[in-house]
Amino acid sequence: MQFHFYPIAVAIVSLLFSQAIAPPSSGIKSRTAIDDSVSKQAAISLQGALNNIGPDGSEVPGAGAGFVVASPSKVDPPYFYTWTRDSALTLKMIIDEFIFGNTSLQSYIEDYIHAQAVLQTVSNPSGTFLPAGLGMGEPKYQVDGTRFNGAWGRPQRDGPALRAIALITYSNWLIENGQPSKAKDIIWPIIANDLSYVGQYWNQTGFDLWEETQGSSFFTVQNQHRALAQGTQLAEDLRVTCTGCVQAPEVLCFLQSFWNGNFTVSNINVNNSRTGLDGNSILGSISTFDIDAYCDSPTLQPCHSTSLANFKVLIDTFRETYSINSGIPVGSGVAVGRYAEDVYQGGNPWYLITTAAAEFLYDAVAQWKARHNLFVDETSLAFFKDLYPAVQVRQYNSGNAHSPFVEIMNAVTAYADSFVAVAEKYIPANGSLAEQFNRDTGAPLSAIDLTWSYAAFVTMSQRRSGRFPRSWGSRNAITPPATCPTSSLSTKGIYVPATAAGAPNVTSSCQVNVVFNVNASTYFGENLYVIGSAEDIGAWDVENALPMGAGGYTSDRPLWSVSTYLDAGETVSYKYVRQENCNQAWLYETRNRTLTVPACGGDAIMQEDAWVGPGGAAGTC
Ligand code: NOJ
Ligand code: NOJ
């Protein structure tokens, strides 16, 4: 690839590179030198991800075949679990690498298919697989694929969408390589369950990818749309029916509502005091990137004007947030974190989001080059001004090496490279990638060897060297209606265990939806569970009690809530129980309660209770 620095970018990039990674006496580190460091780090990163996958991953003894462990870190933070999101994003990277030619990776894909077919059927605190797919909203499991029973931000509705995207990508490869029946008989049943889930629940709130905020998350909705749109296409190719896919235009319509005129509000339908500026939005656009997309596509690609405007506003917040970014001028890359108000593990920049910022820019450049033009409008003007001050609101067509179009492409590419340089500056010599790096010193911290950090470095390096997954068909996505409909926003899913891929043939007793609501004032760090005689609420074993959520807790109403399914017609005794913050004894309600589940086919019931029993007290741990 030819590379011409735009003069201002040269000054900025050279300043940065000389601080960052250049040997003491040299000036600018050449693009070739960065090429070398990026390809070395990409190789380390691919291996780093594989080391965290069972059964043979060197860092994760005990993990089952095909299960991707988030990090080998067992305490502080405890990440020795398998998250559906991290796993699907990692496998999407592996599937793309496989398609690009790394055939040695196929066994990881095969193991993943089997592992996920089983996992879909595992009952967990988000619910059961049958009859209604609720269990698939569970964010994480033990590394052998069994349920995790602790309190958590659940459900998280991006998991099924991301898994479907990974599996659809692989299925398309199988079709093109003469194995359509494998795609149809073995993999489609898993995808069909995931798309059923998306079509049924996309319009309900859930926890965001950072597992903190209950509401509607841009990242989730954007991936849900891609899954349904791409699933529609695959279902046609395989001549099968996709239940849920009809929701795609509705989801795309909803996606438009995250834009507030200045930036993408990453979490809406929430009750928190954040601005909504969040790396969520960058990650969403790179996950749904389509090299063939038009830049005005409502799928909100990296090259879309609102995505670019949002990128600038968001990145500028991090310029002020972290002291390691101080003095870096606009138009030059910085360390990027989740969101400015973040306090988790100290609220620091993340490797995977810093490299995602670079990937986003490489994606946008690739899209403009593929379209041979660029439309700068009032919305995107400020983004370009930082990089190419002479920019105007107009159309730029591709031209020779000194054309403004090419100069703008070079400036945006140099900007992308400058984010890579920042990431590399803070990567230790052995290439290991933790989750975060210290906002003041740049030292790595939080979970070590984070699989997602490694996967994100690999995808960034592929985009940087001009390698893109094939189009997922964004051009064929049905245009959303001008005004979003307010009814028919859900399609009842059809859930069938994917037995051909190895799922157990689970069956369901007839169950009815029961919602437990209890008012219970708690201190921060204390959690509530429901426990009772029915198997689904722990059969009086507190280790299996059903965790409740505090997403609706306000100062006016201390509401804890959980929605579950219980066997039709049974009479159940239950009570609420408090889990204390420092492993003190559980605190039980002092009375037993009773409910009778309606007969099969009956309507959902809601228990409205108020805590009766001792209040909790925070420990000192
Ligand atoms: C663990 C989650 O994984 C992380 O994203 C979150 O910030 C913390 N819990 C605090 O809620
Ligand atoms: C915390 C992150 O916020 C979340 O997105 C991720 O899934 C888990 N850690 C595991 O890596």
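Each residue, glycine too, has its Cβ placed from N, Cα and C.
Pulled from TrEMBL, these are the features on record:
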- D208: active site, proton acceptor (ACT_SITE)
- E211: active site, proton donor (ACT_SITE)
- W152: substrate binding site (BINDING)
- 506-613: domain 'CBM20' (DOMAIN)
- 1-22: signal peptide (SIGNAL)
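Helix, strand and coil content of the domain 'CBM20' (506-613), in residues and according to DSSP, is 6 helix, 48 strand, 54 coil.
In this model, the domain 'CBM20' (506-613) carries an average pLDDT of 94. Every protein chain considered, the tally of other Cβ atoms within 10 Å of the Cβ of the residue listed as 'active site, proton acceptor' stands at 25. For the recorded positions given as W152, E211, the lowest number of other CB atoms within 10 Å of the residue's CB is seen at E211. If you measure from the Cα atom of D208 (active site, proton acceptor) to that of W152 (substrate binding site), you get 12 Å. If you take the Cα of the residue listed as 'active site, proton donor' and the Cα of W152 (substrate binding site), they are about 8 angstrom apart, rounded to a whole number.
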